[in-house]
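The structure appears right after this line, and notes come after that.
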There are 2 protein chains.
Amino acid sequence: MAMTTTSKKQIKFGFDFTSVPDLVACIQQLNNWGYSYACIPLVHAKLKPDATTLDRSALVSRADVILQAETWNRVVVKLSEHLNLDLADSSTRDRDAELFRQEVSYASYLNVFAIMFQLPLNGCMPNLARLVNVALHENMFINFYVRVPMTCGGKGDNNGICDSDDNSSGTTDTWKLWSAFSAACDYHRSVCLALELSFDLPDQQELDRWLGEPIKAVIAPTSIFLTNKAGFPVLSRPHQMFINKLFDLDACIFISGEPNQNVKPYFEYLSFIHDNNKSDKLYSYSYGYEDLLQVPLQPLINDLDNNVYAVFEQDPIKYQQYEKAITKALTDKVKSGSTEVLTVCVVGAGRGPLVNASLNASDKSKVAVKVYAIEKNENALHVLNYNNENYWHNLVTVVGADMRTWEFEEKCDILVSELLGSFGDNELSPECLDGAQKLLKKDGVCIPSSYTSYLSPLQSQTLFNNMKMFKSNTPMEYLHENAEQIYVVNMRNMYIISPAQPLFTFNHPRSDLERNNNRYTTLTFDIQQDCILHGFAGYFNAVLYKDINISIEPSTFSTGMFSWYPAYIPIKSSVTLKKDEQLKVHFWRLSDASKVWYEWSISKPNSMPVHNPNARSYSMQLH
Amino acid sequence: MAMTTTSKKQIKFGFDFTSVPDLVACIQQLNNWGYSYACIPLVHAKLKPDATTLDRSALVSRADVILQAETWNRVVVKLSEHLNLDLADSSTRDRDAELFRQEVSYASYLNVFAIMFQLPLNGCMPNLARLVNVALHENMFINFYVRVPMTCGGKGDNNGICDSDDNSSGTTDTWKLWSAFSAACDYHRSVCLALELSFDLPDQQELDRWLGEPIKAVIAPTSIFLTNKAGFPVLSRPHQMFINKLFDLDACIFISGEPNQNVKPYFEYLSFIHDNNKSDKLYSYSYGYEDLLQVPLQPLINDLDNNVYAVFEQDPIKYQQYEKAITKALTDKVKSGSTEVLTVCVVGAGRGPLVNASLNASDKSKVAVKVYAIEKNENALHVLNYNNENYWHNLVTVVGADMRTWEFEEKCDILVSELLGSFGDNELSPECLDGAQKLLKKDGVCIPSSYTSYLSPLQSQTLFNNMKMFKSNTPMEYLHENAEQIYVVNMRNMYIISPAQPLFTFNHPRSDLERNNNRYTTLTFDIQQDCILHGFAGYFNAVLYKDINISIEPSTFSTGMFSWYPAYIPIKSSVTLKKDEQLKVHFWRLSDASKVWYEWSISKPNSMPVHNPNARSYSMQLH
């Protein structure tokens, strides 16, 4: 289940200055334009000719006295481009390493927003990676923006210490370079991607893969724009679509143009695109909480509070679908014109949205119903009783009980519940409904009648880092590992490596109640392109009744429904996947008398340890 | 530097019983033979026909009352072979999983020495791996012996939940199966290998690779033996060589034969092989401390104690080589028959072994010398003075000083030192000798005159696990990581993936003293077969003088020299390497005013984080 806010996102714009003779004038221009960030060379242009000396007192021309401290906070500085940090010649290399250190140290002192440098396109960068690691160790609060072009026609030059075979093909896969560099920096959260857009876009798979990287800045050269009939800059349709996804990631967009070029029309055009952006269905339902991990609710052991009920009751789709499903079931049960009264039990009634749906369905189907509302949360019972008196004409029987233990002589025709978690069964709907099945007549109907969990492999350095840094406010167990816990998360900064596949299905009612709800399934995913596995997205698709579904699985998503964020199921360490390889995943649902849990492992392309053996880190409590 | 003991290793023998109708008689037989371990089926043979029921009260026939508790400690139990833990059919699979749990639980209760099971040769084992993980979580003190044949002609049958493509080739690479299983168990130290020897041995590379696995038991079927002219069992020469290496690993050797076969001659033959084993040069110099990690000495900040000096002075090779080198240098310096007196400075003289070598060299070369012994450890000075009075006729000038700061007007002809660590420069010989170089005449000779560190990639789950579990007795630094520390270790249970390559070379004396001793080198290793990288072995080869060397690098090893164990340089997480891939390693030697340190990273086949950036975990102190 998910939370929602209504805040509207602010777009971040900046300008990429190639040369800044006068810093004060540059910032003034930025303020006039009304944009947030300036990207400037750290070293003054006039210093360039003798920048190879270690005495760089002319850096004083950028001295902190010129700008106020808070203005530096809006400046991204670019390190000198001529530094040869992986040169075979050790004396030049060592000198340039010292220059690099000086520049980073000075930028850190200025407390700039970020430090930008270009990734060498010849792939020769172990020493650069080392220097970045050292800088991160020495300066706690710096952020690096690593500038990488989205595509690169030719391979870079090679006079470095690396073998030239690193780069023997005609074109450079810049994603691989970035990915290797990022790994060499241990996927540090302060080493972010500044993606430089190109006029020719790569194919959709490659575009999507970039979206799984921690993009914090986007460089949009004016050269990627077209000119429309009226003479104004516009973007091709594919560029528009891609840049809208970058807006969603909250990346800062830097226009990069010729000196003295009037770039205002470019900003205006991008603002126009942003304001007219109808985010796609997956992203439309909420703002806020992007990529923030939350522990799933455990409704069997924790009572929900009033606020949670209030938020979820606002879902515009879910209760419509329930109402349709109950209407159809009532109609199917009773011959037209009959005066038979059907019994509906709403189990886990909460504050009553499914009672409303049942009463509405009765009106629509013209089938009379007797409704029981069963709820174990004694606080919610007050609201149910209030609603019964004030809105339901005391026609509803409110019962304070656990559906699994309540005794009911009469038996009902329809058992309605909303017990699903993001990953389908992960809030223990199977166990609850098995327990409540005794309330149902032999030919009775369960709504939902079945549900299936789905799994997609995903790449997301951001989710993976957030998982590793996650601090739960629940008490830490002895062996608890963050990677052996399931999360719910409003996923943005990620790439779905392969479409979701069905994992576990549960049907209600079922005839083999003596069997447990344990499951073991193996899924095999084909890998379309080189990428990095950081875990799995988990979804569900539920059949409420016959053809009426609710789903958060992307291919069948119930547009507009916001009650569930997807689940994130992490792995302990990231896995490099190669094009045409297979990824084989094993997933178990297991239980004992007090709890239910998942275990998972990977056997292809390489074996990974079994995660969460014997529920050592994570379980869902039955009592 | 290394320690040595003289304890002689005891061989562990056992017998693998296929069927044990009478447990007491079986143990009695074992005692009669005088061997240590029995490997028996956990479940009594008569139970086999109905072993698929969950009621296995007949297990009582193995009840703990039959044997004393300490006898169970010499028993390895074999789990039932018919368990189908990865069957597609879930009801059989779940039932067999419960039988597996019961058997492991019972074995754990009996406190047996180890629990053995066969690895399924169809490669279908994710659920088995899961159950082993769970068992390890539930039972703290159990050990699993995973029985794997060294080679396997046919592929296994496949009715499992896994795809049949896991195993499409005609033969099964059983190492890959073991490696995958081991990974799925997170390389748990209680999941060990029981290697079953075959009549046909694989090639040498594959044999060597097995030696990098945690082999705790070896199954030697009587069928792998030949019969000699006298009618006694013997092994082929390659089998003898391999089994001798297994003795070195301290593995228990289980003979596996027909029931009622007289196996005594097999034990006697293996004992004979063991007793006649001349361990090869790498392993001959010491027993004890196998695969135990030690932190390298830091002689510049910690004074050595008397015991350490005493052990190292016993090295039978090192001081011979020094004596030869000094003799040759003296001879070269002085024309035959000259009466010139040469000055020799022994820097870091310790208790004086190199003073002895210098005086002996003077005798042999008939070149008169004046010897200075410079030592900063004031405790060792007492011994130097004592030796000077009692053995050296007060001909030696003993100086209590740090060689880097001592002022010496006279200057010497030969500067002798023994400052090398296992990894060459890692005890800061370059910095010490640079500091001492002012003691030397312009045309003076340094002994050693140069030294080179060497690096080999290695596979060793044992070293890797020991590294992860390592607890230093030095104070923990803020960010200390075990994988960013260098160790010295008497390596046994390991596989050298590729021959050592030279890394850093230092020459003495040198003309460019104003430069630091920083280095950056990239090495590329070709991978011969699939394997797992767990880090690197570090060695040195030193030129004492001209053609006189001391070396612990395997291809040039100074046979008999025991003063140094190799260095182990770990990596944070193991890397799967494929045949014909390249492994590219980057190694830095770096320094500031107070310390020297290494950083290292890998850029091929995939990028790894830079290890030990800015010496955050490990450094060698100059003061």
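Just so you know, glycine gets a Cβ as well, placed from its N, Cα and C.
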In TrEMBL, S-adenosyl-L-methionine binding by A:Tyr309, A:Lys318, A:Tyr319, A:Asp402, A:Met403 extends, among A:Glu268, A:Glu375, A:Glu427, to A:Glu375
Of the recorded positions listed (A:Tyr309, A:Phe312), the greatest number of other CB atoms within 10 A surrounds the CB of A:Phe312
For S-adenosyl-L-methionine, with binding residues A:Tyr309, A:Lys318, A:Tyr319, A:Glu375, A:Asp402, A:Met403 per the record, max Cα distance (Å, no decimals) returned as 24
Minimal Cβ count within 10 Å, across the binding-site residues A:Lys318, A:Tyr319, A:Glu375, A:Asp402, A:Met403, points to A:Asp402
Here the mean pLDDT of the domain 'PRMT5 arginine-N-methyltransferase' (A:285-447) is 91
Across all protein chains shown, the active-site residues A:Glu418, A:Glu427 give the max Cβ-within-10 Å count at A:Glu418
Rounded Cα distance, in Å, between A:Lys318 (S-adenosyl-L-methionine binding site) and A:Glu418 (active site, proton donor/acceptor) is 10
Integer Å value for the Cα distance linking A:Phe312 (site 'Critical for specifying symmetric addition of methyl groups') with A:Tyr319 (S-adenosyl-L-methionine binding site) is 10
Integer Å value for the Cα distance linking A:Asp402 (S-adenosyl-L-methionine binding site) with A:Glu418 (active site, proton donor/acceptor) is 14
Taking only the CA atoms, the spacing between A:Glu418 (active site, proton donor/acceptor) and A:Tyr319 (S-adenosyl-L-methionine binding site), expressed in whole angstrom, is 10
Integer Å value for the Cα distance linking A:Glu427 (active site, proton donor/acceptor) with A:Tyr319 (S-adenosyl-L-methionine binding site) is 19
Simplified DSSP label at A:Met403 (S-adenosyl-L-methionine binding site) comes out coil
